[in-house]
């Protein structure tokens, strides 16, 4: 609370922390602070998300076990280890269940991580509409950075240099065995279906 700037009438204060969505106590605490809070959740294919998560950890600690060793409780039975955070975070339906005990679905906007890359202006348009803002950020504010494989934000009126995602984003993923990826896809499929049902949105991950 002490870190939040004072917000005047007609202003919006935004705060972004990836761990909120998966932290059990967060919905109750936010609800107690302000039940009028609007919630924006950016989600991407949980399989890609898990591999990306692993890639990031690997870059900081190259001695960690292989992706396969961490993802499976038992490789021969194909039992997935849901206690590993890289896997657990992608079970979106479970986390959303926790939030829906405090906030109605109308308070949420679910943004597709894939569309944020393929059509950043379209997704940002949805964000601005959801927040009741005029559509100021449009396709003229983005350009695609071939090196990173992500869109970057141009500064308007020839301001300072463009804003791109930091060094930790857009790293090449390690090669993961096809069967491991397939098994993870199967594991997530029922959770994805439930998430599509809960949100009324098909993210096309299957």
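A Cβ is built for glycine as well, from the same backbone N, Cα and C atoms used for every other residue.
Automated prediction, rather than curation, is the source of TrEMBL annotations.
The annotation 3'-phosphoadenylyl sulfate binding site is assigned in TrEMBL to 44, 52, 169, 170, 171, 172, 173. Sequence-distant contacts of residue 173 (3'-phosphoadenylyl sulfate binding site), defined as residues of its own chain at least six apart whose C-beta falls under 8 angstroms from its C-beta, comprise 51, 52, 55.
For 152-164, the entry in TrEMBL reads disulfide bond. Counting every protein chain shown, the number of other Cβ atoms lying within 10 Å of the Cβ of residue 152 (disulfide bond) is 16.
Mean pLDDT for the domain 'Sulfotransferase' (33-189) in this predicted model: 90. According to TrEMBL, the domain 'Sulfotransferase' annotation covers 33-189.
Taking Cβ-Cβ distances under 8 Å and a sequence gap of 6 or more within the same chain, the neighbours of residue 172 (3'-phosphoadenylyl sulfate binding site) are 55. Of all the Cβ atoms in the protein chains shown, 19 others lie within 10 Å of the Cβ of residue 44 (3'-phosphoadenylyl sulfate binding site). Here the Cα atom of residue 164 (disulfide bond) is found 19 Å from that of residue 44 (3'-phosphoadenylyl sulfate binding site).
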